[in-house]
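Q: After the structure tokens below, expect a handful of questions from me.
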Amino acid sequence: MAKVETIVFLSLVLDLFAFTIPLPLFPRLIDWYTTREISDPNGFLSQTLRFVSTIRGLLYKPSLHSQKWDVVLLGGLMGSVFSMLQFIVSPRIGSLSDRHGRKKILLITMIGNILSALVWIKSTTFASYMLSRVIGGLSEGNVQLAIAILSDVTTPENRSKALAHVGIAFAICFCIGPPIGAYFASKPLPAANTFGIEFNVYAVPAIITLILLSVETVFLIVALPETRGKGIKPVESKIKSNGKPINGATRPKTNSPEQRMKILKSLRTLHLLFLGIFSGVEFTLTFLTFDLFDWDNKQNGMLIGSIGIISALLQGGYVRRATSNIGEGVMARRGVSSCALALVFLAILPNYVSTNLTLSRRLLQLGAVCMAFTSATVVNSLTAFASLQCDEGGFDTTTGKPAKTHPQLAKGKALGKFRSSGQLGRAIGPLIACASYWTVGPTYTYATGAVAMFALSMHMRKIAGK
């Protein structure tokens, strides 16, 4: 089991490095394409920008920088396209892995990821770059299949600890990947080595992405075993003196398939609502620091990086140990409550910028720490909770044949649908948050989000059991 956990963690690091490298480049890419294609009013980019400008005009009318905000909003739409495609394809990828094996489907998705990077290297038009994003959105399956693989090789008692590797990989790569992408964006291909072929202005980051994905694919071929159908038999939970299990995980075997499907449905709804709000906060945070503090890209990068570092430390030190004692539902609820508190700090902050700049920055720092705790807890805990409702699979101890599983409780399909719900939240959350931010301002936007998060936390009491 430990070997598979290490293999999955290393593959996630490679995959997420590749995923995070282009994130800081979206605005600059759009600027480059705009310079090249703006003279063609009927081109794909011109038509897309007109659509964005029309939508923006319905929501707010800035006196300055309207073209700049259109570019930012277009960057958000580009991210939403990726998440929306993930929403559509994730359940299908999960179902295919249940039928044909995790490793085989994972390697097929890696082919799509490599193709996406190849198209990016040569994408000299906005339409071709969007094609690479579409291919990537339809192909990305590493995270959800990594979760399914870890669920295959762990017992309910140690699953939360194993799935913490996913969150740690995210935190590490989101700290380091974007700066790497930004650094190599300033290193164009030497003209003498292009052999007269035109490449994307950021072909070097694209090539690095391609190398990372190729190395990951070879590594998976060589090192990863097939885990489907190799479930580990759960061990009996030890009982405290008060009659409750020492491990706080919810035991799926104590519930009927119908009850577990009902719990999974509730978890998908929570995942959707939480990520819809949280991703909106993440996306607008840099607008807040730009508008109120006039921060540059370096300062925003340090803020986001600090959130990632704190999140990784919390996951590696606190979350992995505490979850086994308090349970996945309670840990997730604590993270949601922390996000509500962060939104309270962010809602108050604008009122002190002009009168007490030091206090407003302290409020921003407190909000960042609370967001880091949220990042370290909610998604991983909800994912582990969802995995505990799935059939464990493996082999029947009496007959030696593969154990029967309920069609809706097979790990690949159930966890694919769970991830899909979160991707829908990531697709629509930033757009709604931007519309609210530019229409009613940050105070009302974050205050509304805080109320929604507190309500979500209260609703989770039933599932969390506390």
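Cβ atoms are placed via backbone N, Cα and C, with glycine included.
No curator has checked TrEMBL annotations; they are predicted automatically.
Remember, it's a predicted structure, so these values are computed and weren't measured experimentally.
Pulled these features from TrEMBL for this protein:
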{"type": "TRANSMEM", "residues": "7-26", "note": "transmembrane segment"}
{"type": "DOMAIN", "residues": "8-466", "note": "domain 'Major facilitator superfamily (MFS) profile'"}
{"type": "TRANSMEM", "residues": "71-93", "note": "transmembrane segment"}
{"type": "TRANSMEM", "residues": "105-121", "note": "transmembrane segment"}
{"type": "TRANSMEM", "residues": "127-150", "note": "transmembrane segment"}
{"type": "TRANSMEM", "residues": "162-182", "note": "transmembrane segment"}
{"type": "TRANSMEM", "residues": "202-224", "note": "transmembrane segment"}
{"type": "TRANSMEM", "residues": "270-290", "note": "transmembrane segment"}
{"type": "TRANSMEM", "residues": "331-353", "note": "transmembrane segment"}
{"type": "TRANSMEM", "residues": "427-456", "note": "transmembrane segment"}
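In terms of burial and nearby residues, how do these features look in this structure?
A: Within the chain, the transmembrane segment (7-26) has long-range Cβ neighbours (under 8 A, six or more residues past its boundaries) at 75, 78-79, 113, 117, 120, 140, 142-143, 146, 149-150, 165-166, 168-170, 172-174, 176-182, 184-185, 202, 205-206, 208-209, 212-213, 215-216, 219-220, 223-224, 297, 301.
If you take every residue in the domain 'Major facilitator superfamily (MFS) profile' (8-466) and average the pLDDT, you get 84.
Residues 15, 18, 22, 93, 96-97, 128-129, 131-133, 135-136, 138-142, 145, 199-200, 203, 206-207, 209-210, 213-214, 216-217, 220-221, 224 of the same chain, all 6+ positions outside the transmembrane segment (105-121), place their C-beta atoms under 8 angstroms from a C-beta of that stretch.
Residues of the same chain lying 6 or more positions beyond the ends of the transmembrane segment (270-290) and with a Cβ under 8 Å from any Cβ of it are 72, 76, 79, 299-300, 303-304, 332, 336, 339, 342-343, 346, 349-350, 364, 371, 374, 378-379, 382, 418, 421-422, 424-426, 428-430, 432-434, 436-437, 442, 445-446, 449, 452-453, 456, 459-460, 463.
Residues 160, 270, 274, 277-278, 281, 285, 288, 292-293, 319, 322-323, 359-360, 363-364, 366-368, 370-371, 373-374, 376-378, 381-382, 385, 441-447, 449-450, 453-454, 456-457, 460-461, 464, 466 of the same chain lie 6+ residues outside the transmembrane segment (331-353) yet bring a C-beta within less than 8 angstroms of a C-beta in it.
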